[in-house]
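*Asks:* Here you go, one structure.
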Amino acid sequence: MTDILIASSILFAGIILAVIVNYIFKWLGKKAETTESKIDDILIMAIAKPASIAVFIAALYLSLTYVTLPPDYAWILESKYLYTALIIIATWIISVFVHNFIKLYGEWIASQTETELDDQIIDFLEVSARYIIWFIGFLVILSYLEINITPLIAGAGIFGIAIALAAQDLLSNFFGGALIMVDKPFKCGDRIKIEGNLGDVVSVGPRSTRIKTLDHQLLTVPNSKIANTIITNYAMPDVKLKVKIPVSVAYGSDVRRVKEILEEIANEAAANTAYILTDPKPGVYFLEYGASSLDYMMVLWAEKFNMSWEVKDFINFMIDERFNEEGIEIPFPQMDVHIKKE
């Protein structure tokens, strides 16, 4: 009777102590909220519940040592099962801490970008970390209980290899997406050219990147391909775009006067048009004597990469009007044929 009374007292004291421990961690949690660091919040959150349960289990185990158990249940008092419970609790603490650490700082990193890919990677890492930690804890328990884990590890390795081979394309695309997130060659809304395809990035997913072409077609490109392809990003390092407009005039034209007219057109357009920049300054260059024409190049800067057609349209109308006023001819391709009589 005395043993039962002692066991009951220990168990009751353990329950009270577990409640006290729980309240202590709640108090510590409120204190942690007032600090700048988030590590203490994560640590307290991870330890609070497992610590209370650990106190209760220890009290329960100690109380049972004062009770004579039936032979069929005597195994409960073997120390290895107590240690197994403590390993489970330690695994629980580590799992919750790592999960919340990845969640907190991963979400902060993901909030700095516009793409949803990093959010998906963070979710994947959270789940993966939890499963890996529990799997390691499971192996530690089996090893402590002197259960041979070599076949299990070998089987897990073979299973992992089989999964990796089956999901090779999926994994390569996923890690390609991760490289895009880390390297940041582009972001949603950027205009890029990849393998001759020009368009605006709509989304970056775990498997592929979607690009809306200038024809309003949706192009889906595997991330693994993007990771190994040369990409031209028209939105970096800034959004302005150099627009080159070739201009040809007939032989016999006053080359200096033509250049002056083109410079006047370029400067007037930059001064009076919102989407053509004055800085960098427009330029006009007499490039070469072509087969049928004198060839110039007008260079202007569009305010944004998606304004090149508007710039060319506006400038070409101005060139046509001025050339008509000045009597400057825009030649057709022509060829002189000389017939020599013997």
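In case you wondered, yes, glycine gets a Cβ from its N, Cα and C as well.
Quick paste of what TrEMBL says about this protein:
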DOMAIN    130-168  domain 'Mechanosensitive ion channel transmembrane helices 2/3'
DOMAIN    169-235  domain 'Mechanosensitive ion channel MscS'
DOMAIN    243-330  domain 'Mechanosensitive ion channel MscS C-terminal'
TRANSMEM  6-25  transmembrane segment
TRANSMEM  46-69  transmembrane segment
TRANSMEM  81-102  transmembrane segment
TRANSMEM  131-147  transmembrane segment
TRANSMEM  153-182  transmembrane segment
*Asks:* Using DSSP, tally how many residues of the domain 'Mechanosensitive ion channel MscS' (169-235) sit in helix, strand and coil.
*Replies:* 20 helix, 26 strand, 21 coil
*Asks:* For the domain 'Mechanosensitive ion channel MscS C-terminal' (243-330), how many residues does DSSP put in helix, in strand and in coil?
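*Replies:* Secondary-structure breakdown of the domain 'Mechanosensitive ion channel MscS C-terminal' (243-330): 40 helix, 24 strand, 24 coil.
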*Asks:* Residues of the same chain, at least six outside the transmembrane segment (6-25), with any C-beta under 8 angstroms of its C-beta?
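*Replies:* Distant contacts of the transmembrane segment (6-25): 44, 47-49, 51-53, 55-56, 58-60, 62-64, 66-67.
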*Asks:* Could you give the residue numbers and ranges of same-chain residues that sit at least 6 residues beyond the transmembrane segment (46-69) on either side and whose C-beta is under 8 angstroms from one of its C-beta atoms?
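*Replies:* Hits for the transmembrane segment (46-69): 3-4, 6-8, 10-11, 13-15, 17-19, 21-22, 25-26, 29, 76-77, 82, 85-86, 89-90, 92-94, 96-97, 100.
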